[in-house]
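Pulled from TrEMBL:
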type	residues	note
ACT_SITE	B:GLU52	active site
ACT_SITE	B:ASP125	active site
BINDING	B:GLU52	Mg(2+) 2 binding site
BINDING	B:ASP125	Mg(2+) 1 binding site
There are 2 protein chains.
Amino acid sequence: MVDVAPDRSATLVHVGVVRSDPRDPIESRLATIAAGLRAVLDEHRPSVVAVERVFAQQNMHTVMGTAQASGVALLVAGERGLPAATHTPTEVKAAITGYGAADKRQVQAMVARILRLDEVPRPADAADALALALCHAWRGDAAGAASGPLTPAQRAWADAERLARG
Amino acid sequence: MVDVAPDRSATLVHVGVVRSDPRDPIESRLATIAAGLRAVLDEHRPSVVAVERVFAQQNMHTVMGTAQASGVALLVAGERGLPAATHTPTEVKAAITGYGAADKRQVQAMVARILRLDEVPRPADAADALALALCHAWRGDAAGAASGPLTPAQRAWADAERLARG
């Protein structure tokens, strides 16, 4: 979670990873993830939630699990009345480094610099989450869904933009 | 929702479709779906929840949305402490008609016959949900996750079985 000022300067509020036991059944794992996300939302009360946009191009098993977890993250936002937005990894890389094909370590190092942290947040997923949050704050309304429901025309535009950036 | 006796005879308890407004943002739509599912679970208190297993073979956009909704269904089960199981459309068809390549209408007609209904439940999604519930009840523990968490060996077996049935 980050605080981003109108001049785009950013401060770290909270960073973490919700872990579930891979030996638990999927319904329990998703409940653990939801509980972890709710605890953070209730403690820090953000104004918007950003979730990575999942594509079905990689390993199918992984993608389905990731999509289910992203559905839970979006749900938790919706239940709190928070707008949610999704961004692709390419959009995140471009927003953070100015270069959509940047490697993961470049993005993570940049996140640490932007937030004036002495070290790159660990694990990598935590740094990726901060990159996503910064990406969302910086893209703002232009990326769609930054503040409340879109009109159908805004949504069509945002979708077209996303496809173009893919 | 169905009641299935040890002799495999089945009775309709409840059938319905939770609808969300396609113009709403995804986080609101998922919250609507979760609320609808919770209301039904709290009214009828089933002992297990079955969810269609989603594959990433069809239209990507649709699949991701379906996977997110299925994540929400699994979550709602997990939060109620209910075991959840997933079955592929092929498994459902095979369980209901004895033929994995049966067409949708054959499956739906069979559902009406099994439950002694005068008509096929509408819309088609509602009939499909009943077919899934019957499939789960009939496959029982052999299909995995019918009653509580599986041991790792049971899960490996259930996964292998699912892959084999595809």
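Placement of Cβ uses the backbone N, Cα and C atoms for every residue, glycine included.
Because TrEMBL annotations are produced automatically, they should be read as predictions rather than curated entries.
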Among B:GLU52, B:ASP125, the one of these active-site residues whose Cβ has the fewest neighbouring Cβ atoms within 10 Å: B:ASP125
Cα-to-Cα gap, B:ASP125 (active site) vs B:GLU52 (active site), nearest whole Å: 11
Structural state of B:GLU52 (active site), classified by DSSP into three states: strand
